[in-house]
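Undergrad: Dropping a structure here in structure tokens format, bear with me for questions.
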Amino acid sequence: MKIKTFLNETIKDELVEKRYTLTPKIYAEVRKLDDLKFCNFGDLKKIIDSEILAILGPKDERDAPKPKAKQPKAKKTDNKKKETKDEPVRNMFTEGFLGDLHKVGENPQLYPETLKKHLEFTKGKVHTRFPPEPNGFLHIGHSKAVMVNFGFAAYHDGHCYLRYDDTNPEAEEKKYFDSILNMIHWLGYEPWKITYSSDYFDQLYAFAIKLIELDRGYVCKCSNETIKKNRGIDPVTGQPGGERSACEHRDLPIEWHLAEFKKMHDGAYKPGEAILRMKQDLKNPSPQMWDLIAYRVLNATHPRTGDKWKIYPTYDFTHCIVDSLENITHSLCTTEFYLSRESYEWLLDQLHIFRTAQREYGRLNITGTIMSKRRIAKLVNNKIVRDWNDPRLFTLESLKRRGIPPGAILSFINTLGVTTSTTNIQVSRFETSVRKFLEETVPRLMLVLDPIEVVIDNLDDSFEIDCELPYKQGNDEFGKRTVKFGNKIYIERSDFSEDSSDKEFFRLTPEQPVGLLKVPKVIKFKSLEKDSNGKITKIHAEYDSESTVKKPKTYIHWVSSKSATPIKEVRLYNQLFNSENPASLSSEEFLTDINPKSEVIIKGALIENNFFEVVAKSPIITDSLKKLNFYVQETTEVSGNERIRFQGMRLGYFCVDYDSSDDGIILNRIVELKN
């Protein structure tokens with residue numbers, strides 16, 4: 001407790017700033033504390049490290065060693081003409097983990113004859129699969145798996161299955177099946193075939209019988225507690241390490257196991273009363289070889305097979321067999337399944353079928369977020385967020401609603417590359433990547449979030465100027481639009497200050513004129529009006545038609561009073577949690593870690609009326625956009641209002657939210673203009 005108090009009350013600010021580089025200093029300071037001077041440092045270090053992790057979260061790119069500054073090379077003088085080359089675009093499929101993968105047919109086989117049939121089917125083409133469980137919505141981490149599997153196959157002119165791993169009917173719902181396919185389409189991929197693990201239930205059952213006949217499978221009626229004890233798992237800590245022993249049913253005759261498995265199939269047992277286990281190697285140090293469960297009894301109606309089955313295969317039994325049956329050349333999964341490779345290959349070899357090669361890469365984590373289905377459900381049920389597609393979450397449905405383009409996600413993953421290490425990325429880095437993508441792909445509009453009316457007294461109501469603005473400066477493909485300037489406009493409240501002495505404020509003040517974007521002359525302050533609470537309600541200004549001011553210090557955006565379009569709501573989104581690592585908090589603590597400003601709703605904003613032209617043309621597709629490495633054409637089948645994206649000049653990037661209706665327009669801020 002004393003260490004926790006010291007870290008949170010004495011040194012937390014410095015720790016957050018300097019992160020893990022401060023650790024040696026903390027070790028030294030803690031050892032000076034009166035009550036801890038004579039404690040074993042090894043014990044203290046474990047506690048300190050644990051508390052630092054709780055505050056900072058896992059190490060990420062901020063904690064990577066800073067590269068040493070390169071010494072400038074001596075200049076060489078020669079007569080050769082210098083050549084300039086464009087910086088090569090990174091390609092995740094040709095480098096790192098994916099670049100090192102074996103070619104089709106090169107993975108070793110215990111039974112070489114199985115390879116011949118495999119190659120006859122694949123014809124040398126890469127075959128991968130994306131095998132989600134249809135028990136929840138995909139999140140940002142899944143987007144990496146989608147891109148790894150679909151992208152790797154596409155890069156090698158191969159095929160990728162979408163295979164629903166529907167072996168747990170208790171948790172599966174139609175909405176998850178539908179959402180998964182929609183998100184794959186949204187990311188720009190089309191499955192070669194859509195299959196289901198349940199397509200293979202009859203074959204899997206036959207393989208289970210074969211396993212028993214080979215004396216490599218047995219029916220076990222032990223309780224969960226007994227199974228854990230036999231595996232040497234401590235009942236208090238849950239940690240392995242104790243003596244392992246065989247189940248009392250393990251060595252009963254094969255005929256008994258076949259009869260008992262038939263009874264399981266016929267519904268003679270209730271859930272938990274009997275399971276089918278693989279007869280592996282209890283002496284093996286890997287827990288994945290400690291007689292894994294192959295089948296269990298479930299009294300649940302399956303979404304596709306109905307009540308046909310009373311027993312269902314486990315992931316450990318199903319996954320590798322279906323990979324083999326579908327002739328998968330590369331079974332690509334994340335590193336938490338690394339130990340599973342041994343049991344995966346063991347089972348395929350026992351059944352004498354093609355041994356697909358499982359290979360593992362590091363998963364993607366983003367700071368300040370949670371991915372747990374159980375925890376997101378708590379946020380939804382407690383009405384902290386609207387639903388599973390709330391823009392503050394990192395489900396793919398949420399990111400889509402927030403307005404993040406699918407191409408931005410793919411581009412982000414490509415820049416990270418694929419390695420065997422878990423990738424912990426700051427959310428700010430993700431947003432920077434999104435911002436960079438939007439910078440090249442969306443038009444600009446003038447949006448005023450907190451409008452204050454400016455009346456230009458020396459212009460009459462009939463005065464009007466057509467101001468021409470490009471939708472994107474420097475790119476004529478986006479086209480141009482006309483905005484009418486008259487004697488009444490709206491500017492941002494923050495673009496006016498009553499304090500003329502502030503030398504760092506370059507916008508409108510009583511003594512300082514300001515330029516209006518694409519308006520020929522500046523405006524100068526004359527007077528203002530306030531309400532009874534002292535809030536400015538109106539500014540009176542003068543149009544500098546005589547050009548007494550040659551060049552203003554800056555230009556601000558504005559909207560015309562005559563043609564301004566009201567916005568019902570603008571929703572500004574920020575990080576949902578205060579901490580960098582909310583996943584490390586307890587199931588109750590994380591609910592108190594909510595950032596109260598994660599969603600700021602602004603009413604009364606105004607936008608130029610060219611907004612409706614952008615709506616009509618969205619998404620605006622240009623030749624330069626099509627040339628982007630990860631351009632994804634969004635169709636009406638999988639995309640809605642979020643395709644309407646634009647930059648609110650000087651403010652950020654926005655999209656139209658699903659909640660928009662005839663009653664009013666609702667905008668979501670995708671990301672700010674700058675970090």
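Start at 1 and count along the chain as shown; that gives each residue its number.
Note: Cβ is positioned from N, Cα and C throughout, glycine not excepted.
In TrEMBL, annotation is done automatically, which means it is predicted and not curated.
For 45-118, the entry in TrEMBL reads domain 'Glutaminyl-tRNA synthetase class Ib non-specific RNA-binding'. Annotated region 'Disordered' per TrEMBL: 59-86, in sequence order. Residues or ranges marked as compositional bias 'Basic and acidic residues' by TrEMBL: 75-86. Residues or ranges marked as domain 'Glutamyl/glutaminyl-tRNA synthetase class Ib catalytic' by TrEMBL: 125-439. Per TrEMBL, domain 'Glutamyl/glutaminyl-tRNA synthetase class Ib anti-codon binding' is recorded for 443-544. Here TrEMBL flags 556-611 as domain 'tRNA synthetases class I (E and Q) anti-codon binding'.
I'd like these features described in context: how deep, what's nearby, how far apart.
TA: The average pLDDT computed for the domain 'Glutamyl/glutaminyl-tRNA synthetase class Ib catalytic' (125-439) is 96.
Assigned with DSSP, the residues of the domain 'Glutamyl/glutaminyl-tRNA synthetase class Ib anti-codon binding' (443-544) fall into helix, strand and coil as follows: 6 helix, 50 strand, 46 coil.
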Undergrad: What counts of helix, strand and coil residues does DSSP assign across the domain 'tRNA synthetases class I (E and Q) anti-codon binding' (556-611)?
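TA: Its residues divide into 8 helix, 20 strand, 28 coil.
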